[in-house]
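Notes follow the structure.
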Protein chains: 2
Amino acid sequence: MTWTIGEAVRRLLQLELDEARLGEPAAGGSAAGSDSLGNLGHPAAGGSAAGAGSAPLSAGADGLLAGDPQRTLTGVAVSFAASLDALERAGDVGANLLVAHEGLYFSHQADAAWTAASEAAQAKRRRIEASGIAVCRWHDGPHRLRPDVITAGLVRRLGWEDAVIRTLPEATIIRLPEPLSAAAAAELAKRRLGASGVRAAGDLAHPCRTVAVTVGYRGGGELAARLYEEHGAELLLAGEGPEWEAPEYVRDAVRLGRRIALLYVGHAASEQPGMELAAERIGRLLPGVPVHFLNERDGIQII
Amino acid sequence: MTWTIGEAVRRLLQLELDEARLGEPAAGGSAAGSDSLGNLGHPAAGGSAAGAGSAPLSAGADGLLAGDPQRTLTGVAVSFAASLDALERAGDVGANLLVAHEGLYFSHQADAAWTAASEAAQAKRRRIEASGIAVCRWHDGPHRLRPDVITAGLVRRLGWEDAVIRTLPEATIIRLPEPLSAAAAAELAKRRLGASGVRAAGDLAHPCRTVAVTVGYRGGGELAARLYEEHGAELLLAGEGPEWEAPEYVRDAVRLGRRIALLYVGHAASEQPGMELAAERIGRLLPGVPVHFLNERDGIQII
């Protein structure tokens with residue numbers, strides 16, 4: 001089957017709707033309509049309607065950020081960051097669509113005003129245009145699937161998929177068959193995720209059974225307190241979060257007698273395995289299209 | 001001279017107004033009036049007026065967070081975090097006022113709803129009440145002084161105070177007499193700041209002469225791009241920032257041929273030296289009062 005880039009992007013944006021529909025009571029045929037975007041509470045279901053088909057090419061943070069939706073798709077490369085490195089490697093494997101979890105211009109907002117004034121951002125824009133490779137962000141979609149594909153990828157990479165006891169929208173609760181100290185979990189995370197170091201707080205020696213796993217920037221204080229206090233987490237493993245929130249919470253909680261710990265494994269390290277899982281999903285969504293996962297080195301190293 | 005806790009807190013909140021007045025043309029006597037708070041653009045100049053004196057006990061994020069303003073001040077302890085550890089050490093040195101840069105309940109907002117529901121936050125609140133030690137946050141004040149006391153403390157600790165070429169509100173630009181690689185700067189930062197590790201991005205080998213130093217959570221993409229592009233920074237040393245912004249900017253900029261680097265030394269590591277400088281300032285503001293700086297171990301370690 002031959003796809004255009006625009007059709008492939010719409011297929012990704014549609015996945016979430018399809019899954020939501022599977023979980024709903026049948027409501028009279030329910031052919032896919034663009035109005036279902038609104039029903040699912042997308043923050044902004046706008047976007048260009050260029051190319052064939054009437055469905056929009058963006059929904060929330062997701063969708064086509066660069067490139068011509070009418071071109072024939074030659075292959076898809078999937079990465080965590082929409083970096084120039086990933087773009088070049090996409091070209092090397094013959095893909096003309098890069099699907100990345102993060103945006104192009106160093107900001108969650110695709111249209112942050114400062115990036116329009118940045119020389120480096122504008123030079124990157126010119127490189128992308130010259131490459132002829134289209135870029136699609138796929139961030140909200142995989143996070144909204146149940147279970148969250150990004151978190152599921154991290155849990156799988158850590159080897160804990162058989163120990164899941166609860167799947168929340170923002171975190172997965174693990175009950176380990178054998179207790180593990182936070183220090184040992186940090187070594188496991190470094191080994192499995194290829195992280196050069198981990199930021200750690202709290203009681204690193206206590207043998208933990210209940211672990212909360214979350215990804216990206218979900219390591220803030222409010223969620224952390226809920227995972228420790230309501231879900232009994234002894235260890236929270238997250239991507240990153242503001243250092244004055246959860247780490248300070250953990251330090252004081254330990255002083256108050258709680259035996260808890262926190263590991264920040266890094267944003268990219270926490271979400272890249274999920275994009276590998278997302279790539280498998282994309283392969284099933286786009287039959288006949290070569291899909292390549294790009295295992296990137298983290299842009300950050302700990303020294 | 002004997003002070004009450006309330007008088008000491010007001011003296012801190014007043015410092016910024018006094019310094020601003022020094023820099024203004026004389027405007028008819030200008031006795032300190034609480035209305036000047038509004039003139040300086042404080043985000044919220046409210047707060048309790050309990051105790052002697054009519055000036056408020058809080059301004060923006062700053063001011064008395066716990067304790068009785070009418071009690072006689074026995075001594076001041078100064079720290080980065082308002083942790084239980086700092087509180088206990090304040091008591092050990094005979095201080096009944098802890099002046100901390102960060103807030104009590106793991107959030108920039110003093111009244112974040114989730115902290116009211118958190119067992120650990122409430123247990124901390126009870127400990128503080130039982131201790132009889134008052135807590136004053138001093139965050140916005142030292143950041144608004146010119147130069148920013150918190151940044152100045154970090155520059156001094158790094159030994160770069162004689163190499164300052166420009167002082168911006170959010171960063172200080174250094175022109176090093178001898179070039180230094182980012183890798184070497186990371187070692188210097190670890191040694192001088194006691195950090196167990198540093199998150200690094202970009203070209204770590206390039207000898208840098210122009211360094212931008214900033215503190216706390218100022219390591220975001222927008223400021224970083226400005227420091228590299230408008231101020232010619234080759235190296236940016238910051239506390240922390242979201243990993244998908246400045247680190248990804250730096251990675252792509254290096255790919256575009258810029259020889260730049262980024263170091264995140266940690267939020268506490270970047271701001272603790274500034275609170276040491278702030279403690280010296282507090283000592284001069286409160287003659288006769290013992291002022292102790294608490295050099296705390298960072299709540300985060302890199303493993």
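Cβ coordinates are placed from backbone N, Cα and C, and glycine is handled just like the others.
Keep in mind that TrEMBL annotations are predicted by a computer and have not been checked by a curator.
TrEMBL lists B:His101, B:His267, B:Glu271 with the feature divalent metal cation binding site. DSSP gives B:Glu271 (divalent metal cation binding site) a helix state. Annotation for B:Glu271 (divalent metal cation binding site): same-chain Cβ neighbours under 8 Å, separated by at least 6 residues, are B:Phe80, B:His101, B:Ile150, B:Gly153, B:Leu154, B:Val215, B:Gly216, B:Gly239.
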Neighbourhood of B:His267 (divalent metal cation binding site), C-beta criterion under 8 angstroms, separation at least six: B:Gly216, B:Tyr217, B:Gly239, B:Glu240
Cβ atoms near B:His101 (divalent metal cation binding site) (within 10 Å, other residues, all chains): 28
Binding-site residues, contacting chain A; criterion Cβ under 8 Å; candidates B:His101, B:His267, B:Glu271: B:His267
Per DSSP, three-state class assigned to B:His101 (divalent metal cation binding site): coil
